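*Asks:* Pasting in a structure now, in structure tokens, and then I'll have a few things to ask.
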Amino acid sequence: GCDASILLDSKGSIKSERDSDKNFGIRRLDFIDRIKLMLEAACPGVVSCADIIVLVARESIVFTGGPTIPMLTGRRDSTAASNAAADRLLPPATVSVDNFISLFASKGLSLDESVAIIGAHTIGVGHCVNIVNRLYPNQDSKISLLFASRLRVQCPTANPWMLNNITVINNDMTNLVFDNQYFRDLIARFSTNQQLFLNTFSSAFVKLTSSNVLTGQSGQVRKYCHSVN
């Protein structure tokens, strides 16, 4: 859910979701901390960490050339976290198409919206740890020889001790711009109509960031994002 449980550090019954392998690569939470510090100084106890996460995501989309998505605020923060729940509920990189569609359908997303939300990967990079099983010890027959060769240059080993946050591949050719290049590389319907992608993505983004939110008297507005009040 969108309750900032991902930010909680392990303490007592709280087991940080960042300890889950499914959350490999999450970093630079100091940006969230700095924003929270400034907001608490200006209006203490008003803006939740959950709202900060969603608004930062929205502004990141705008900053990189994507659409301005109207967002509701008023989320409250969770007082619990579970790395076991993250292990169980977050989809792996190897999720099947059917399971992927089913997962997003459970959040109220249509088929088009489910495909569009994956377009968020137009920004940033992918981690080698998620693809090396298709390169080593044997190449997946569905990958072309040329593409596989390029991937091996960027991900030269399957040794888990050598796979970290800096062993990465670009998700598309314009990985600093929010556009439909991700789909042009994949050759999908959104590849020929960027506005259709942006509109469908926006709809999916609103639905996904409204999933299982805490409001009203549920949860709390944390003073510090990494611990409960």
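Just so you know, glycine gets a Cβ as well, placed from its N, Cα and C.
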*Asks:* Tell me, from C155, C225, which cysteine TrEMBL puts in a disulphide with C49.
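*Replies:* Partner cysteine, according to TrEMBL: C225.
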*Asks:* Give me the CA-CA distance between T174 (Ca(2+) 2 binding site) and C225 (disulfide bond), in Å, as a whole number.
*Replies:* 32
*Asks:* Of C49, P91, H121, C155, C225, which is closest to D179 (Ca(2+) 2 binding site) if I measure between C-alpha atoms? They're all recorded positions.
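*Replies:* Considering only the listed recorded positions, the nearest one is H121.
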*Asks:* Of the recorded positions S5, E17, C155, which sits closest to C225 (disulfide bond) by Cα distance?
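*Replies:* That would be S5, nearest by Cα distance.
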*Asks:* With every protein chain in view, how many other Cβ atoms are within 10 Å of the Cβ of T174 (Ca(2+) 2 binding site)?
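*Replies:* Within a 10 Å radius of the Cβ of T174 (Ca(2+) 2 binding site) lie 18 other Cβ atoms.
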*Asks:* Least buried of the disulfide-bonded residues C49, C155, going by other Cβ atoms within 10 Å?
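*Replies:* Per-residue Cβ counts within 10 Å for the disulfide-bonded residues C49, C155 bottom out at C155.
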*Asks:* Under 8 Å between C-beta atoms and at least six apart in sequence, can you list the same-chain neighbours of C128 (disulfide bond), or say none if there are none?
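*Replies:* Within the chain, C128 (disulfide bond) has Cβ neighbours under 8 Å at Q154, C155, L163, T167, V168, I169.
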